[in-house]
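To start, the structure itself, in structure tokens.
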Amino acid sequence: MADTSALSLLYAPQVQNAPIGIFDSGLGGLTVLRQLYRQLPQESIIYLGDTARVPYGTRSPGEIVQFMREILTWMLQQRVKMVVTACNTSSALALNIVQKEFPIPIIDLILPGAKAAVQQGKRIGVIATPATAASNAYQGAMLEIDPSVQVWQVGCPEFVPLIEQNRIYDPYTKEVARQYLTFLLQQRIDTLVYGCTHYPHLAPVLRSLLPQSVKLIDPAEYVVAATARELELLRLSNTHPPSPTRFCVTGCPQQFAQSSLQWLGYTPTVEAVSVAREEQECSGAGELRKLGEL
């Protein structure tokens, strides 16, 4: 758990009313954002899409750790009170490292999703980015909770680019999905986990290829429930009317705004920001010192 006394030093007396930060490589985190709107409508939110470096799923572990450090440093500069990791690849490859470096609560996607999956089924499939699948993060979390479950993971390198290109209903996308699901269907899975926050956008396509009996688990729903519990535990729940959501991307704001329309129901105002630096102090404690000097 993060040292909330450090947060109080930074933001007091407004710490409760500071925004929640949420980040993903691109559009996938909007599935988590929608759950935040539903479950925590009183909270202010800053959304960051690292669209200049999407997709994350084919990156090396070292790159993912560095990206997450840069993003968390930027989030601290925005005075957020908590960060929700809306990117499974970052959770799988970097979370355990960066949680020790930054004085702020960072909410993980994988454990809440794993808990939900083992409560629903015994033969569980996970579709994820290649990096998340190779990390075995979901399998490890599920087996630790319930050693009796069987878990199969499939890396799906084409899904994120297809979603970012708004090709969800392209016949090619359905054929790619069919290929990715073949192995899991051969294992007679009873539950399928979206191991990437982009993948719920493919729900109509995936559902058309799966038996009706297969339960779909969207970790976004459960990570927001975990966020609500953490806010309550740390007494960080917002007590003022929320501010409008602030959308930021590292790539093209216009493209993100246009692509977001069908998921949000409106076209957001999107800012272009930079989070990458050639020389950056990667320690959260270092960033805390800098902020204290402002």
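Note: Cβ is positioned from N, Cα and C throughout, glycine not excepted.
Predicted automatically and left uncurated, TrEMBL annotations should be read as such.
Classification of Cys87 (active site, proton donor/acceptor) by DSSP places it in coil, neither helical nor stranded. Around the Cβ of Cys87 (active site, proton donor/acceptor), a 10 Å sphere holds 34 further Cβ atoms from the protein chains shown. Among the features that TrEMBL reports, active site, proton donor/acceptor is placed at Cys87 (among others).
Annotation comment: TrEMBL describes Cys196 (among others) as active site, proton donor/acceptor. A sphere of 10 angstroms centred on the C-beta of Cys196 (active site, proton donor/acceptor) encloses 33 other C-beta atoms.
Among the features that TrEMBL reports, substrate binding site is placed at Asp24, Ser25, Tyr56, Gly57, Asn88, Thr89, Thr197, His198.
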Query - Remaining residues near the recorded substrate site, that is with C-beta within 8 Å of the centroid of the site residues Asp24, Ser25, Tyr56, Gly57, Asn88, Thr89, Thr197, His198 - result: Gly26, Gly28, Val54, Pro55, Ala86, Cys87, Ser90, Thr129, Thr132, Val160, Cys196
Report task. List the Cα distance (Å, whole number) between Thr89 (substrate binding site) and Cys196 (active site, proton donor/acceptor). Result -> 8
